[in-house]
Amino acid sequence: MARGLDLAPLLLLLLAMVAGFCTAQINCTCPTNKMTICNSNGPGGVCQCRAIGSQVLVDCSTLTSKCLLLKARMSARKSSRRLVNPSEHAILDNDGLYDPECDDKGRFKARQCNQTSVCWCVNSVGVRRTDKGDQSLRCDEVVRTHHILIELRHRPTDRAFNHSDLDSELRRLFKERYKLHPSFLAAVHYEEPTIQIELQQNASQKGLRDVDIADAAYYFERDIKGESLFVGRRGLDVQVRGEPLHVERTLIYYLDEKPPQFSMKRLTTGLIAVIAVVAVALVAGVVVLVVTNRRKSGKYKKVELKELGEMRSEPSL
């Protein structure tokens, strides 16, 4: 009996350890990225999370890079795992979604290719900045996107938002939700119903722990579309002085430190359409001008002939 009493503390300790392990497993999630697989296999049972698709260890105290998020999104599509409802709208220029190649730090590699061996060069946001080519295409560097313009259009309201209040609320949002340093939000412009948010960040300005404006813009875009990447959070819920801000449309423009390298081939279709429209307009203008001149000329001839006939019919004095 005494031996059983001696074992009781050990059993209680064992049960406590099992309960603690189970609790750690339950609480082991990545609050800033739901597209991860987490476990407590780290040193001392520390919770560790790896991005789906790449298995890269992510830092859950800050935002995950856009490249790793896109790779996880494409991997989820392939495996039919329902993590985040994918949007049907293209988010990378006009090329739609693609399965990106990321470096060991989770950043986009300079050259991206698809399954058909078509390749192109991208900027630090993953947006194509050259014509598409084959696997012989060379991309020497990842050109940094240093200026992002987010353009929003909100639903009609009884009255326009106060610009100062709107500015303060959006700055608070990017600082608290997206961990973006306030100095990187350059300006907030507002002309009802259009809101423009300017993010600026040079490579020399970004510190080691600073959130990249590309990642902040991508998280914001997913929030706007109701596809939040944060665990336990729904879409964006922004209120300005108690008035909800409902966004109808979002456009994001990217400005790189170096201009893009598109050739005239990319503009061929558009140029042909423009030239055709201009040509039709010119031909129509010439036709109208000729017809108008002929009508005027015909009237003048009739008047001259009529006057000449009257002169001939007059009796001579």
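Keep in mind that glycine also has a Cβ here, set from the backbone N, Cα and C atoms.
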- Query: Looking at Swiss-Prot, which one of Cys102, Cys113 makes a disulfide with Cys119?
  - Reply: Cys113
- Message: Which one, Cys38, Cys47, Cys102, is listed by Swiss-Prot as the other cysteine in the disulfide with Cys67?
- Response: Cys102
- Candidates Cys60, Cys139 - disulfide partner of Cys121 as recorded in Swiss-Prot: Cys139
- recorded positions Cys67, Cys119, Asn162 vs Asn27 (N-linked glycosylation site), shortest C-alpha separation belongs to Cys67
- Note on the structure: The disulfide-bonded residues listed are Cys67, Cys113, Cys121, Cys139; by CA-CA distance, the one closest to Asn162 (N-linked glycosylation site) is Cys67
- Between the Cα atoms of Asn202 (N-linked glycosylation site) and Cys113 (disulfide bond), find the distance and write it as a whole number of Å. 27
- Note on the structure: Cys119 (disulfide bond) to Cys102 (disulfide bond), Cα to Cα, whole Å, comes out at 15
- Task: Please list residues from the chain of Cys102 (disulfide bond) whose Cβ is under 8 angstroms from its Cβ, counting only those at least six apart in sequence.
- Result: Ser54, Val56, Ser65, Cys67, Leu68, Lys71, Phe108, Lys109
- Message: Helix, strand or coil for Cys67 (disulfide bond)? Use DSSP.
- Response: helix
